[in-house]
Amino acid sequence: MATARGRLQIMNPNFLSLVVALSLLLVISSAKVFFEERFDDGWESRWVKSDWKKDENMAGEWNYTSGKWNGDPDDKGIQTSEDYRFYAISAEFPEFSNKDKTLVFQFSVKHEQKLDCGGGYMKLLSGEVDQKKFGGDTPYSIMFGPDICGYSTKKVHAILTYNETNHLIKKEVPCETDQLSHVYTFILRPDATYSILIDNVEKQTGSLYSDWDILPPKKIKDPEAKKPEDWDDKEYIPDPEDKKPEGYDDIPKEIPDPDAKKPEDWDDEEDGEWTAPTIPNPEYKGPWKPKKIKNPNYKGKWKAPMIDNPDFKDDPDLYVFPNLKYVGIELWQVKSGTLFDNVLVADDPEYAKKLVEETWGKQKDAEKAAFDEAEKKREEEESKNDPADSDAEDGEDDSDDAEGDDADDDAKSESKEETEDVHAHDEL
Ligand SMILES: *[C@@H]1O[C@H](CO)[C@@H](O)[C@H](O)[C@H]1NC(C)=O
Ligand SMILES: *[C@@H]1O[C@H](CO)[C@@H](O)[C@H](O)[C@H]1NC(C)=O
């Protein structure tokens, strides 16, 4: 009876959609959201702009905007708006520990300025932070997100602070470099595994144990181990069966040149007996060597056996940040125009994924179309402003690229020293 009823119900499409809706509700309602900021009205009451670098006049202003191109003009975020400036802003949430929980840290970022050097990352901070003084020296727990500088740095940072030391991820994770919005997601699980996603696509995954040098390695090569005396690591040996052909050593290295002729005017009595000059003997093959064969006793290259590292002390709480309490943006920007939106700190990757679909996922096509439109306008303006350039129409793309590169180079050389300083301290 029960099975018959069950089957009937499952075949009912209304019931099916109800099941789907209910299970989605379950996923959503079981998610714990510690912080979510879509930058709607009132965002300024939740965020504290730091006074950091203000007295040096180096603190940049944030612009509350959806940017020059977007998928929805009413969906605003915060964007850096002044070049060569430091930016620091943070928001507080009820303190929590990610012990026994999955931690999801996610946000979207758009570099409208064709970023050539600057960060697009965010931080999670712990404990008590004076938000008015939040800056580059404020200790953080996690720093995550894209960082671009010149041609060499185009990566996603994932820095974890353990025992007051910042540890950079050892794996290279390339970041997006275009002028459109992208969502960066960092997932840290209680089994000490992690994943890094861009636009809901996993770009890197692994373990805290292997992809950071937070703890010493679990296994090391046995330093006491020695290669056994009788370990045969010669892959090839001389063939013991091979014998030197008879008469091999009688072949001379050089022979008289058979083409040489005694000169007409050679006088044996005055010049001595004529001998032909010698040439290398084409028959001569050098000293005899037996041919090589595979060594039947070859054991392979010797490797020290791996043993448990005596310096390794496991920390089952390696992934735990017990006092997470703030999310912050702290950046140096050579060229401004980086726009942050949809910040999330939660415990549920499914919830985070759905948020990406509902925000970025719904807007990305319109944003791309708006960007293409803006680019077209810009190119038209440029050729209008420069009518003397007869190449403008034929070679629009080439001339644009060239201009862009020049601008990039200028910005880079002017700011190189300062930028390197900032990057150096970030990675300490
Ligand atoms: C803020 O952004 C909008 C859209 O890009 C722009 O029109 C405006 O000039 C910006 N304001 C400042 C102060 O930068
Ligand atoms: C933490 O750092 C201190 C000082 O550098 C060191 O003595 C201690 O062993 C470290 N602890 C762990 C668990 O790494």
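Glycine is no exception: its Cβ is also placed from the backbone N, Cα and C atoms.
Because TrEMBL annotations are produced automatically, they should be read as predictions rather than curated entries.
TrEMBL lists 1-31 with the feature signal peptide. Under the heading disulfide bond, TrEMBL lists Cys117-Cys149. Marked as alpha-D-glucoside binding site by TrEMBL: Tyr121, Lys123, Tyr140, Asp147, Glu330. Summarising the annotation, TrEMBL assigns compositional bias 'Basic and acidic residues' to 219-264, 357-387, 410-428. Annotated region 'Disordered' per TrEMBL: 219-292, 357-428, in sequence order. Among the features that TrEMBL reports, compositional bias 'Acidic residues' is placed at 388-409.
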Candidate with sparsest Cβ neighbourhood (10 Å radius) among Asp147, Glu330, the listed binding-site residues: Asp147
Residue distribution over DSSP helix, strand and coil in the compositional bias 'Basic and acidic residues' (357-387): 29 helix, 0 strand, 2 coil
C-beta crowding around Tyr140 (alpha-D-glucoside binding site), within 10 angstroms: 21
Around the Cβ of Cys149 (disulfide bond), the count of other Cβ atoms that are within 10 Å: 22
